[in-house]
Amino acid sequence: MWSAFFWIWIILYLSALNTLNALNKLTLLKENPNIPVIAKYFGTKGRYEEVNPYLIRNILAVNRSSLQPPSPQCREIHLTAIIRHGTRYPTTKNVKKMQKLYKLVQSSARGEDCWLHEILTQWTMWYTEDMDGRLVQKGVEDLKHLAVRLSKLFPTIISEEKLRGGLIKFITSSKHRCVNSTLSFKAGLTEMWAITADMEFQHAVNDALMRFFDKCTKFVRDVDNNPSALSEMDKFTQGPEMVRVQQKIADRLNVSYHLITYDMVEAAFYLCAYEFAIKTVNSPWCRLFDEIDGQVMEYALDLKQFWKRGYGYDINSKSSCILFHDVFSRLDKAVNEHNSGQAVNEAVTVQVGHAETLLPLLTLLGFFKDSETLTSTNYASQRERSFRTSRMLPYAANLVLVLFDCGGRDIRLQPLVNEQPVVFPGLADRQESMPLYEDVKRQYAELLNGCDYETVCELFKPGYKLKHTNV
């Protein structure tokens, strides 16, 4: 009898738990009616808040408990942050695609749906070609808020005293969105500490570091300017998964299938993404997609990044050798100064660049590497992949490396990606996200002793051969 009561209680408990979970989901939907169902699949066009959803409730929230140093006496001695610029307008190329789609919908779409009626009668094409990737106000806020959160996460090193003392260095790409993101990061600090505008903090423009991909001859020739380098993405966009997405969008617009090409689908996806990222609205354009469509689109965009900036070709990651060596030489310098009893001359380095800056470096370091290569034919088996740009590279994405002294010259290095602690590949078996700095250097010894930028980029060699990376 007691056994029967026990199982009845279990069934009632599980039923109540399922009801509670359903109510929680419903509550989140009610609290966030402006979040599209495909928001978490926007790839490099996604909001930072989708990666760290707790920021939706409190944009300045931090979780210091996620940092677990091996000893309570561990203290930060240096921090390097490599940051992607904040939310921006679409580039001229994408604006042209969106304008073409808008004209097609205006001239040919038919239907009674409220969202379509809104596009046809209320929504106007407000994107212009001269916007061309410029930072928007949301992008300004992205970097201001990130500055405040990092200072709360590491208060002893990102401090007013160190900023005023000139111990925080700023480096940026020359692109306006990066320069303005750098200014915004600085403004986040100065406004927080009420530092008057008459006190300026300089930044250096360094495209050799932050736009290394432009200077790498082999990368430009073999990948960037080589149409066949993206053959896997091209095959996927012509495959059955994407054809089905195109047909569904054509059906929703009530237009002929041949009118909805992949470029049209991408333009609609970007319209939804930009409207949400820039204006925080769930645009009627988002209603052209369901969640499955969003997943297919994300995979297509991940294929592009995988083969053009990630693990697809060896030169993609090796093009970042110059930045890799710069980071480790800075870490070495900080360790040497600290161990010799000197004050660390450069306590913090903030470097602002692009998704194209960050992804090759993350790849070179071995983060987000799957056991299988992403291809046009393994979409179904890659549902749980690590290489997902929506989580890796939203606007304001960042890689932060923090040196800690844990006593007795016990120097350790903590990596964080998008403010979340991660484990260096190859050191995961040690069950610690804050390994000894010397162990990290041993892990990357081959790169530290080689990976010469001029050699791998073939700056002085006329011959070349495109090589795949062994994944």
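All positions are counted from 1 along the displayed chain.
Using the three backbone atoms N, Cα and C, a Cβ is placed for every residue, glycine included.
According to TrEMBL, Cys286 forms a disulfide bond with Cys272, chosen from Cys272, Cys321. Note: TrEMBL links Cys74 through a disulfide bond to Cys406 (candidates: Cys321, Cys406, Cys451). Ranking the disulfide-bonded residues Cys272, Cys406 by the number of CB atoms within 10 A of their own CB puts Cys272 at the top. Every protein chain considered, the tally of other Cβ atoms within 10 Å of the Cβ of Cys74 (disulfide bond) stands at 20.
Within the same chain, residues at least 6 positions away in sequence whose Cβ sits under 8 Å from that of Cys286 (disulfide bond) are Pro36, Val37, Ile38, Cys272, Glu275, Phe276.
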